[in-house]
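What TrEMBL says about this one:
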type   : residues : note
DOMAIN : A:11-80  : domain 'Transcription regulator PadR N-terminal'
DOMAIN : A:96-172 : domain 'Transcription regulator PadR C-terminal'
Protein chains: 2
Amino acid sequence: MPQKRILPYVIMGILLNKDCTGKQIMDEFRFDIGEFWQSSHSQVYPELKRMEQDRWIESYSKEDNDKEIHYHLTAYGHEIINDWLMEPVDKLPVSKDLFSLKTFFINDRNDPRLERLFKHQIQLVSHSLNHLRKRQQALFSSQEQIDQQYGHYLILARAISRQENQLAWLEDKLNNR
Amino acid sequence: MPQKRILPYVIMGILLNKDCTGKQIMDEFRFDIGEFWQSSHSQVYPELKRMEQDRWIESYSKEDNDKEIHYHLTAYGHEIINDWLMEPVDKLPVSKDLFSLKTFFINDRNDPRLERLFKHQIQLVSHSLNHLRKRQQALFSSQEQIDQQYGHYLILARAISRQENQLAWLEDKLNNR
DNA sequence: ATGTGCATGTAATGGGTTACATGATTTA
DNA sequence: TAAATCATGTAACCCATTACATGCACAT
């Protein structure tokens, strides 16, 4: 038995906001959810079909364009996703963090690979931070926008705080070696 | 084609420090590496056999006890792991973070589920932080211990800093809703 | 000797990634 | 009209997780 299946809940969470096509769901993953969850279209499209069979969602197409299939949460789907959002999270995630892993194995504080690792990581984190801040400016520059999608605002702020913390830590340790 | 296989490198990283049995390697996962990488014995034992066939490691048993199989890095294995430690990490990990995911989907800042989620998360993070601090005291209370395993010291400090940051953030947002 | 626990090993299942495929739409 | 791009769909491969199995050790 594999790990617990989360993808359908993610998809229903997305559909809480608005009806979507498969493409639009994938865009959500690419732009907003990618920071803390990821998937690929080869998982999403079959999942959408399964979910429709289970009556969690239903599909329709607009008159002028019967190519695009839009998906819509059913009342039953609403129940399911709302129940799921109620359940508290019961353990912290373990990210598979190659940076920590490699650092862990280097015992000598003067090993040149340590400096290399840190400098690369600083590049990565800076780049990510930049992107997150731009995203925050674009989406949440007004209080109204914040109130509209408060959860989204929160996790974006959280991601920024986390990366700021990591960057400060990296630079501190790099300088005080 | 699946994601890049990391487990053998983790095992070799562990073996850099000392020869180990399968059990000892699993203990490393449980106690020190578990924060940023995890595995299970049903992965590790077959992996050890594969690695021995590839001549990355070799096994031996002590005279008084031929039940316990100890594994030891070969010279070839040393090359492989050292090369791997040299390669910089080229992307940030994406942790599958259910807390962020659920929060993301809650639009209303007064939704009672938000408070529930935050309070539970505060419990989880506090608990983890406690554990990490105890571990730091136990392992790195002297400068000598720090110099002995500097990488290990670093990532433990990093884990603590990250959890402190998360805890402060959670409490701040919970209070200023 | 029997039961319990532990180290080790194996099997079954399904999830996730990558590659490949198809049909439609846009562009050169 | 050919080529390229895009949305969608399918397939193969292998990793990761859980459950089950084995054999030894120690305790009762």
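Including glycine, each Cβ sits where the backbone N, Cα and C put it.
Note: the domain 'Transcription regulator PadR N-terminal' (A:11-80) comprises 38 helix, 16 strand, 16 coil (DSSP; helix = H, G, I, strand = E, B). Looking just at the domain 'Transcription regulator PadR C-terminal' (A:96-172), the mean pLDDT is 96.
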